[in-house]
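Feature annotation from Swiss-Prot assigns [4Fe-4S] cluster 1 binding site to Cys9, Cys23, Cys26, Cys32. Residues annotated as ATP binding site in Swiss-Prot: Gly63, Lys64, Gly65, Gly66, Val67, Gly68, Lys69, Ser70. Taken from Swiss-Prot, the feature [4Fe-4S] cluster 2 binding site covers Cys240, Cys243, and the record attributes it to sequence analysis.
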Amino acid sequence: MQAPPPEHCPGVESEQAGQVSACAGCPNQSICSDPNKKREDPGKALVAAALKDVKHKLLILSGKGGVGKSTVTTLLTRYLARSYPDSNFGVLDIDICGPSQPRLMGALGENVHQSGSGWSPVGIDDNVCLMSIGFLLGSVDDAIIWRGPKKNGMIRQFLSEVDWGNLDLLLLDTPPGTSDEHLSVVSYLKDDSAPDSVHAIIVTTPQEVALLDVRKEINFCKKQQIPIVGVIENMSGFRCGHCGHSSEIFPAKTGGAAAMCAEMEVPLLGSLPLDPAIAKACDAGEDITSVKNPTTEALEGICSKIMSSFN
């Protein structure tokens, strides 16, 4: 019989299970530290049951914060939903301490309702729904000061207690880096009997300081055996709306994402320009993917490659 886990338990599937200071004195320490005695987290079965009608799961990752990962998640979702009106898309915002999808999707102030089948995600369009901890806060200015285990518990709730229904694709907007949240969501989503049950896209900017961390993110995916759909280079250049001249705001001193992808043997899905109109629309929660511009032209090719990777 196992005792309840301590407050800061790293989790039974963590590589640190039974080894960190929080494990000292826990009656389960010997079980967790022995790989032959570890049990699978019971939450994994709950997640599998809740997501049985979700065809594909796509992690949107970034090694470095500030590269526009959440904005790219929104743009991809909006463009995919417009391009594939007969498909259903969901977005799960698991950036627990910095949830931005409610603003980007124009859903600030919306409420999450509970039914017999679980939490109902917020409807954004006819074929797009969204779930974020931002909907559960009293104010957009409320700070979330949680340790890893509590964040992991929230992620498990989002995956197992939200009524996602039938989705063709669930996009997960993750925090930057490779933290507890990433390990938690991967452990819940990975299905050993279906190795391609979850995929990843990695967002970067051209400069080397961002690419350094993207290499770590790629290695994280390879270690966790998460297939990488490809890399998106965001803010790759700025084209003046008046004269049409293109400028490199973030110069690619080492060849940018293209050179890094060739080096790491991962696909480059495409590049998105630095566009003030996109920033303005995202701040207002507006969808401008129907307007033809350099960003939507790039999104067309990127989204086509994404959908092709699932076929």
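Don't overthink the numbers, they just go from 1 along the chain as shown.
Any Cβ shown, glycine's included, is placed from N, Cα and C.
Feature annotations (Swiss-Prot) mapped to structure.
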| residue | record | DSSP (3 states) |
| --- | --- | --- |
| Cys23 | [4Fe-4S] cluster 1 binding site | helix |
| Gly63 | ATP binding site | coil |
| Gly68 | ATP binding site | coil |
| Cys240 | [4Fe-4S] cluster 2 binding site | coil |
Other residues, Cβ within 8 Å of Gly63, Lys64, Gly65, Gly66, Val67, Gly68, Lys69, Ser70 Cβ centroid (ATP site): Ser62, Pro176, Val203, Thr204, Thr205, Ala210, Asn234
Residues satisfying Cβ distance under 8 Å from Ser70 (ATP binding site), sequence separation of at least 6: Asp93, Asp95, Ser100, Gln101, Leu104, Asp173
Cα separation, Cys243 ([4Fe-4S] cluster 2 binding site) to Cys26 ([4Fe-4S] cluster 1 binding site) (Å, whole number): 67
Cys9 ([4Fe-4S] cluster 1 binding site) to Cys240 ([4Fe-4S] cluster 2 binding site) - Cα separation in whole Å: 52
List of residues, in chain order, with Cβ under 8 A from that of Gly65 (ATP binding site) and at least 6 apart: Pro175, Pro176, Gly177
Under 8 Å by Cβ from Cys240 ([4Fe-4S] cluster 2 binding site), counting only residues of that chain that are 6 or more apart: Ser246, Ser247
Residue with minimal Cβ packing [other Cβ atoms within 10 Å] among the binding-site residues Gly66, Gly68: Gly66
Cys9 ([4Fe-4S] cluster 1 binding site): secondary structure state under DSSP, collapsed to three categories: coil
Integer Cα-Cα distance in angstrom, Cys243 ([4Fe-4S] cluster 2 binding site) to Val67 (ATP binding site): 26
Fewest other Cβ within 10 angstroms of its own Cβ, chosen from the binding-site residues Cys32, Cys243: Cys243
Sparsest Cβ surroundings (other CB atoms within 10 Å) among the binding-site residues Lys64, Lys69: Lys64
Which listed residue (Cys9, Cys23, Cys26, Val67) has most other Cβ within 10 Å, given these are binding-site residues: Val67
Cys23 ([4Fe-4S] cluster 1 binding site) versus Lys64 (ATP binding site) - Cα distance in angstrom: 31
